[in-house]
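Reading through the structure tokens given below for one structure.
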Amino acid sequence: MKMMIPVIFSILLLIFSLSSTAMSLEDEQENMEERAEIDFSGIPEDIIKQIKETNAKPPARFDPAAFEKSDD
């Protein structure tokens, strides 16, 4: 019986983690859809092309390795 409590607690934490991950992925998908629905009337074609190329890229992630000094 003593082992049941930690097992149940672990399962609940896993379920919560998976559901919050799914919700954040859903929010990111909605944000990408909103960026795709921008009204571009009255804007030059070259600027529209640059905006669409930027919006097609995945969101930037911080990479601490990019700031490390190399010993070479």
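Every residue, even glycine, has its Cβ placed from backbone N, Cα and C.
Note that this is a predicted model, so its numbers are computed, not measured.
According to Swiss-Prot, of the candidate residues Ser24, Ser41, the site noted as phosphoserine is Ser41.
Cβ neighbour count for Pro58 (site 'Important for potentiating BK effects') (all protein chains, 10 Å cutoff from its Cβ): 7. Packing against the signal peptide (1-24) from elsewhere in the chain is no residue: none 6 or more residues past its ends has a CB under 8 Å from a CB in it.
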